[in-house]
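K.L.:
Here you go, one structure.
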C-alpha cells in the first residue's frame, strides 16, 4: 500500500538516470556541434557540459572488453593494469601459506577503500566543486602544446595516444571538451581500482577455500550449485545493467556532463532498488559458499556494507541535486486565482487562519519525546518487559508464558487493529466514538496513532522477550551451522529494518498510520522507493526479521510465532488493506509491480500457462476463505466500539592549539600596519539605544564609539586594503571574538566561514563571496602601492547565532593574522519585552518577515517577499533553514518551536499565528507580565509605622 502524496522520484541509483534530457540546460552557449551536423548524424549521442557546449559522445566499451578482448586496441594503461593483476596472481602463488590470508585480506581492503573512499572522495568534490575539472585545467593537462602554454608536452602526447587509441571514432582529444577528457582519464583510474578490487577478492576467496570436515556429498553439491547460480545471477545483473545504462552512467558520467537523450530502463532495474549495489553483490555470497569460509563471508558483508555507504553518501546526494532539484517557489500572484470567488476565499482565510497544525511525528528514535504520553508509556512498558525477561528464570513455564504473551500481542496487532480499521473504513466507527464525546476527528486520529504505535511496540518487544527466553548461547560457535544461522538471521533482521524504513520514507506519517482510513485522501497513489518494485513489501520481506530471529534462536516456538505473524500479515493485507484500497482508489490501483512484470516477461510460454492455471485455482479457492472470514469478522467485531484506549546539546569542537610562529619566513617584507579591514551590514533598528534605566541584561553603559550591531542573518560586506605585493592566497575569516586568545595567530578553524582575497586560488566554491579584488587604492604611504578588494559573507559563511564577532585577514593560506576588524555584534531584536508594542498577528508578521528572509538567504527561490508567499521547497529538503528560523523565533518572541514547524506552516502568516497562539497560552507564565509590578514588596517589608 502506498498512499503518499509526494512526487515519485524514480531515481534509485547513479546507474539509473531516468530524466537526463530534462536536466540539461538549454541556455545559449558556445556549441561544438552545429545543427547541420546533428541532422547528418541522427544516431549519435550528444552531451552537454555545464557551460552549454554540445559535443558528440563517442562510443566506448566496457573495461573487461578493453582489457581482455584481443580485438580491442591496447595501450600503455592496459599493460599497466594487466601487470598489476598479474602481480596479484603471482603473490597468491608465491607467498607462504601462513601469510596468504592476512596479506590478501589487507590487499582487498586496500582496493575496496580505494573504491569507496578514494573514488567516493573524487566524485564528491567533482559533484560539489567540479574539482577534478579544475585540477585538469590548472595542470593544463589538455592544453595543446602548439599554443606554448602546456608545461608538460610529453604528458599531453601520452594522454592523447592513450585516449585516442581507445576511441578510434568521433574523438579527438584536442577538440573534445575539458569535462569529457577529464572523465576519460578518471575512467582509467576507475578501471584499475575495480579490476584490482575484483581480482584481489577472488584471490582471497581462493586462498581461504577449503572443504569442511565431515561434509557430505549432498551438502557440498548444494553449496557449489547455489554458489555457481549466485555468481551466474550476479554476472547477468552486471551485464544487463551495463546494457541499459552504458558506460555513461557506469562510470558516473553525469558528474562531469549530461547526455542529451532519454534513457530507457528495464530488465534488472525493474527487479530491485539499487540493483548494482543490492542484488548486484549476490556473487559475493556465492563465492563465499563455494569457498566454505566465514572469513570470505564476513569480508563480503563488510564490502557490501561499504558499498551501501558509498551509495548513501556519494551517489544519492548527487542524484537529488542533478535530477530532482527543488521546484521553484510559488509566487503570491501564481497562488491566487483571478476569479472573484477564489480571491474572496483567500481573503477570508487570511483573516481567520485555522489553528496551527501539529507537526510532532511519532515514528523513529529522533522523534522520541519523553513528555508525550505515548512515548512515555512505551518506555515504561518496554522497561517492564525487559526487566521480566532478565530477572525471571528460563524454565519451561516462564518460556511458555512469554511465548503465549508474544502470540497474544501479535493477534491483537494484526486481528484486533485489523477489525478496528475495517469498521473505520466501512462506518467510521473509531472517529464516531470520539465525536460522541464531543471530541474532533483530529483527536480521534491522534488517539489512533498512539494506539497503533503502542500496539506495534509491544508486539515486537514481547516477541523479542520470548526470543530471549528461548535463546541458548552457543558453547561452540564453530560447531555445525551455528555461526551461519546467526549471520543469516541478523541479515534478515536488517532486511526487515530496511524494509520498514523504506516504507515509512515512502508513505510518511500519514500512510504509516493508515491515514486514508480516517481522512479523505486528496493525493494520488504513488509508487516510489520500494513500491516501485513490490506492491506489498510486507507480504514477503516485511516479516523477514521474524524468521531471522527464529533462525538465531533455533527454537520451534519462535518458528511458530514467526509463522503465525507471517500468516496474520498476509491476512491483514488481503482482508483489511486491499478492500479499503480498492474502495478508495479503484482502477487507479496497479495490478503488477515492477518485479512481477519482469518475472512474468522472462518466463517461457509453458511456464506462463502453468502460472495462469495456478492463479485460477487460487482465485476459486479464495472465495471459500472470504466467506469464512466475513462470518468471523462479524463476530470478532462485536463490541469493538468499546475498545479505548529533543533534547539537544551544541558542542563546538576545536582542534589542538596551533604552534605556528608569528615570525614566519614568508612574512618577511610584509608589515601588518599596511593591512586594514572594515565591514558594512544591515544595522539593527534601534540598536544605538542601548543605555536604559533598567537594572537588567538590556542595560548598557553609553560610550562615544558605538559598536556596530547588525541584523541576524543579514549579508555583511567586507572591504580590505593590502600592499600591491600581497600574497595571492590571502584570505579573510569570520570568528567569534572570544574564540581566539592571540591577536597574531588564529587558533581555531573557520568551519567554512572564509573567503579568499583573490579568485581561482583555492579548489572550492569559496570564490562565490568575492566581489572585487586588487583594485588600485589610495596610498597612505608614498613608498608602498596599495590595492583593495571587497567580498560578501552570507548564507553558510555566517554564524547563525547571536554574539560578538570579528573578521581576520590572513597571509598566504596560513593562519598568521595581518589585520583584524573592529568587533561587531549580531543580535535579534526582542519583541517580547514590556516596552515593545506588539499587540497582534500583524505586528508579529511585520517583525518576522525580514528575519525569515534573512534566514532563507534572501534567495528569491526560497525566501518569500510577502507574508502570504510560500517558502521554497529547499526549506523541506535542508533542515538548516528551519533551524535558523526557530532559533530567531525563540530569541525574538520567547517561544520555542521544533524545526519541523517551519516547513509544515510554509509561510510567515501561519508562523505568526502559531507564535501568537503559543504566546497566548504561555501568557499567564510570562515574566513580562510580572515585570509590570514592583520587583520588591516594599510596603510589606518596610511598614509605614516604621
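Positions of Cβ are set from backbone N, Cα and C atoms, glycine also.
Relevant sequence annotations retrieved from Swiss-Prot are reproduced here:
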- 1-78: topological domain 'Lumenal' (TOPO_DOM)
- 1-51: region 'Disordered' (REGION)
- 79-99: transmembrane segment (TRANSMEM)
- 103-123: transmembrane segment (TRANSMEM)
- 124-188: topological domain 'Lumenal' (TOPO_DOM)
- 189-209: transmembrane segment (TRANSMEM)
- 210-216: topological domain 'Cytoplasmic' (TOPO_DOM)
- 217-237: transmembrane segment (TRANSMEM)
- 238-266: topological domain 'Lumenal' (TOPO_DOM)
- 267-287: transmembrane segment (TRANSMEM)
- 288-293: topological domain 'Cytoplasmic' (TOPO_DOM)
- 294-314: transmembrane segment (TRANSMEM)
- 315-377: topological domain 'Lumenal' (TOPO_DOM)
- 322-355: region 'Disordered' (REGION)
- 378-398: transmembrane segment (TRANSMEM)
- 401-421: transmembrane segment (TRANSMEM)
- 422-447: topological domain 'Lumenal' (TOPO_DOM)
- 448-468: transmembrane segment (TRANSMEM)
- 469-476: topological domain 'Cytoplasmic' (TOPO_DOM)
- 477-497: transmembrane segment (TRANSMEM)
- 498-555: topological domain 'Lumenal' (TOPO_DOM)
- 556-576: transmembrane segment (TRANSMEM)
- 577-946: topological domain 'Cytoplasmic' (TOPO_DOM)
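Looking at the shown structure, what environment does each listed feature sit in?
P.N.:
Within the model, the topological domain 'Lumenal' (1-78) shows a mean pLDDT value of 61, rounded to a whole number.
Long-range contacts of the transmembrane segment (79-99) within the same chain: residues 67, 107, 191-192, 195-196, 199-200, 203, 206-207, each at least 6 residues beyond the stretch ends and with a Cβ under 8 Å from a Cβ of the stretch.
Per-class residue totals from DSSP over the topological domain 'Lumenal' (124-188), listed helix then strand then coil: 43 helix, 0 strand, 22 coil.
Sequence-distant contacts of the topological domain 'Cytoplasmic' (288-293) (same chain, six or more residues past either end, CB-CB distance under 8 Å): 205-206, 208-212, 215, 223-224, 226-228, 230-231, 300.
Remote same-chain residues near the transmembrane segment (401-421) are listed as 389, 429-430, 451-452, 455-456, 458-459, 462-463, 465-466, 469-470, 514, 517, 557-558, 560-561, 564-565, 568-569, 571-572, 575-576, 580, 633, 636-637, 640, 643 (criterion: CB distance under 8 Å, separation of at least six residues from the stretch ends).
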K.L.:
Would you say the transmembrane segment (267-287) and the transmembrane segment (448-468) are touching, if the rule is that at least three C-beta pairs must lie under 8 angstroms and be 6 or more residues apart?
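P.N.:
Counting Cβ pairs under 8 Å, fewer than 3, so no.
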K.L.:
When you check the transmembrane segment (477-497) against the transmembrane segment (217-237), do you get at least 3 Cβ pairs under 8 Å, counting only pairs 6 or more apart in sequence?
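P.N.:
Checked: the transmembrane segment (477-497) vs the transmembrane segment (217-237), no contact.
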K.L.:
Can we call the transmembrane segment (103-123) and the transmembrane segment (294-314) in contact, meaning three or more C-beta pairs below 8 angstroms at a sequence separation of 6+?
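P.N.:
The answer is yes, given that the two segments have at least 3 Cβ pairs within the 8 Å cut-off.
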K.L.:
With a Cβ cut-off under 8 Å, give me the same-chain residues at least six positions beyond the ends of the transmembrane segment (294-314) that come close to it.
P.N.:
13-14, 101, 105, 108-109, 112, 115-116, 120, 123-124, 127, 201, 204-205, 208-209, 274, 277, 281, 284-285, 287-288, 483-484, 487, 491
K.L.:
Which sequence positions outside the topological domain 'Cytoplasmic' (469-476), separated from its termini by at least 6 residues, show Cβ-Cβ distances below 8 Å to it?
P.N.:
389, 392, 394, 398-399, 402-403, 482, 552-553, 555, 557-558
